[in-house]
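Please read the structure below before turning to the comments.
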Amino acid sequence: MSQNPSSNTQPKLDRSDERVRHDDSLAAMAKGFFDRVRSGDLGMLPVAVGLVVISVVFSALNPVFLAPNNLVNLLFDCATVGVISLGIVCVLVLGEIDLSVGSMSGLASAMVGVLWVNQGWPIVGAILAALVVGAGVGLLYATLYNRLGMPSFVATLAGLLALLGLQLYILGPTGSINLPYASSLVRFGQILIMPDWLSYTLALVPGLVMIGRGLRARTQRLAANLSAQPMQALILKAVVLTVALEAAVFYLNLGRGIPWMFALFVALAVLLNYGLTRTKWGRSMFAVGGNKEAARRSGINVRRIYMSAFMLCSTLAALGGILSASRLASSSQQAGTGDVNLNAIAAAVIGGTSLFGGRGSAYSALLGIIVIQAISNGLTLLNLSSSLRYMITGGVLAIAVIVDSLARRSRVSHGRA
Amino acid sequence: MTATLPNIPAKGESVLRLSGISKNFGAVSALTDIDLDVKAGEVVALVGDNGAGKSTLVKVLAGVHQASSGTIEFCGQQVTLDSPAKALDMGIATVFQDLALCENLDVVANLFLGHEMSPWALDEVAMEVRAWTLLRELAARIPSVREPIASLSGGQRQTVAIARSLLLNPRLIMLDEPTAALGVAQTAEVLNLIERVRDRGLGVIIISHNMEDVRAVADRIVVLRLGKNNGVFTPDSSNQELVSAITGATDNSVSRRADRKASHVQGNLGGAA
């Protein structure tokens, strides 16, 4: 099954050990995938299964669920909590947690309302102020953790209450501020949709990037006498991805189309994914999450890594709060309360980021939040009361964590950490 | 990062000079007034019983612990080693007893941890090639460098840890029990490697409980006992001498056991006669 004649004469650097099975053909790749899943390396599988189950159940109960415009609304809703969930991925990768993201997002939404509407600040100034406060809160958590050794669980639990208090305080007795409907911020959160041609074009990008990067890696690896991914697999993956994306875009364009707010969320997810997988910072994040002392002894500045993660998490939470204010066209006492916290955490975990640290991906927030919002959206369509919705979402979170724990146990016994 | 470094000392010149190093953990003094000298192109073996302070000394030199008192001179300059990063940047590489690897990362990521090639767009191909070359040099049997460390055996992990210490072209390399988990062939490779490293003019500190390995490579054997210097020996000193220095008595459990064995054998012979 050798694709390259030179591999017969001179063994590739990484193919000289006869004990390793190499999954080169498509059939072998499929087998490799099943082996990985069985050993607890679930990847995106729970999301795929979850989405299929959810679509079948909810569309059977209410056909509106799969209507294009309902899905467009779903994407609007995904963007707000999804951005918060991106930050949660950062702290979970370190094996830490931030329980105050909901309150932080509420505070940010209140700040925008008070500074922009009540105090007459320019809108950009209000947004920047909220983001800076977010970064400051993250810095505070990191300092408490690094200098005093305060567990992030406790520090952020205290923050949950303190930030909620601050949110109520700055909103004052009225408790709710309406944002002007004509403003660009509210239009961004409710109306602005990508033009069709742009969404079709952008849907081509991931496949093209995949082929471009795959080809480059392939030439480099072959030049360096390393084995390379077979071409057919690369092209197959890219084609499947592109067809799926174009189909999704086509379906959504039957309705209103792709919201700009969702595009912003996806762009942030892509950026974070690059940071986590392709930079020294990301490598250090996973190292600290896997073995803090080993990371320290490798010369990594562990404190700075914690600081970057907590600050990123709180800042993204603040951004999520601003987006939800623009989505709801108001800053209220309810913003960021209720299930926002848990939804953000559940999304990351369902998407495959481990609560135990050292494993995760930015795309887990992207896919996980779609599952969470689909459930929430479906339950709303069924006119279920929020009491039932909370119970069901709680159950889903519990299942996600159980899957994570079982998968981790299986990985340990299969030597995959 | 090499800009702050003093010149590479010539063979025979001092790489590392410790004087009066002490380290207290609360009421326990793990190290008391340790003096140690390592020259370029020299292998110094650090031996001692459990709790003698060998690993503590290595951790002080690696910047993991800070000495309570005493001075450290590295390549002729007095230095303070207040963090592992600083020690690494100065050119002190360490293979820790617990290996200090991240089990969730693959072999390449572990080798280059903290010193990745092109930090803003990791050069995975170059790193993988370098990893294979390095592991080849060590005659390592690592099936794949893209598997997480968790899937490797103890010996393979140890090889990875040793390979990592060589990556940064250090001046001084410290190996804490480098052969403990290794097979026959790998042990020989590591000993060969230590000799190669010494011939390149590096200073080497090796900790081992295996007297055979120690004798095979060490130029000097420094004995620690209860956190204090307890003599310096040459590889041709007798086992008796070394053991009594390590245990602190000529009458010790090792010698008593040897005597008992001997008399037992004699008794058996007597019975047969």
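Cβ atoms are placed via backbone N, Cα and C, with glycine included.
The compositional bias 'Polar residues' annotation in TrEMBL covers A:1-11.
Sequence annotations record features per position, and here TrEMBL assigns region 'Disordered' to A:1-20.
Annotation source TrEMBL lists transmembrane segment at A:42-65 (among others).
Packing against the transmembrane segment (A:71-94) from elsewhere in the chain are residues 101-102, 105, 152, 189-190, 193, 251-252, 255-259, 261-262, 264-265, 268-269, 272, 276, 285-286, 288-289, 305-306, 308-310, 312-317, 319-321, 323-324, 327, 340, 343-345, 347-349, 353-355, 357-362, 364-366, 368-370, 372-374, 376-377: each is 6 or more residues past its ends and has a CB under 8 Å from a CB in it. As annotated by TrEMBL, transmembrane segment applies to A:71-94 (among others).
The list of residues near the transmembrane segment (A:123-141) in space but at least 6 beyond its ends in sequence, with Cβ under 8 angstroms from a Cβ of it, reads 98, 100, 104, 107-109, 111-112, 115-116, 152, 155-156, 159, 163, 183-185, 307, 310-319, 321-322. Annotation comment: TrEMBL describes A:123-141 (among others) as transmembrane segment.
Feature annotation from TrEMBL assigns transmembrane segment to A:153-171 (among others).
The transmembrane segment annotation in TrEMBL covers A:191-212 (among others).
Taken from TrEMBL, the feature transmembrane segment covers A:233-252 (among others).
Residues or ranges marked as transmembrane segment by TrEMBL: A:258-276 (among others).
Per TrEMBL, transmembrane segment is recorded for A:305-328 (among others).
For A:340-358 (among others), the entry in TrEMBL reads transmembrane segment.
According to TrEMBL, the transmembrane segment annotation covers A:365-382 (among others).
Below 8 angstroms of C-beta separation, residues 40-42, 46, 338-339, 342-343, 345-346, 349-350, 354-356, 372, 375-376, 379-380 of the same chain, each at least six residues beyond the ends of the transmembrane segment (A:388-407), sit close to that stretch. Annotation comment: TrEMBL describes A:388-407 (among others) as transmembrane segment.
Touching of the transmembrane segment (A:365-382) and the transmembrane segment (A:42-65) is concluded from the presence of at least three CB pairs under 8 A, sequence neighbours closer than 6 excluded. Contact between the transmembrane segment (A:191-212) and the transmembrane segment (A:340-358) is not supported: fewer than 3 Cβ pairs lie under 8 Å, counting only residues 6 or more apart in sequence. Long-range contacts of the transmembrane segment (A:42-65) within the same chain, counting only residues at least 6 positions beyond its ends with a Cβ under 8 Å from a Cβ of the stretch, are 36, 350-352, 363-364, 367-368, 370-371, 374-375, 377-378, 381-382, 400, 403, 407. Only residues 6 or more beyond the boundaries of the transmembrane segment (A:258-276), in the same chain, are considered here, and those with a CB under 8 A from a CB of the stretch are 72, 75-76, 78-80, 82-83, 86, 89-90, 93, 188-189, 192-194, 199, 202, 249, 252, 282, 285-286, 316, 323, 326-327, 360-363, 365-366. Within its own chain, the transmembrane segment (A:153-171) is flanked in space by residues 96-100, 102-104, 106-107, 110-111, 113-114, 137, 140-141, 144-145, 177, 331-333, 335-337, 341, which lie at least six positions past its ends and keep a Cβ under 8 Å from the stretch.
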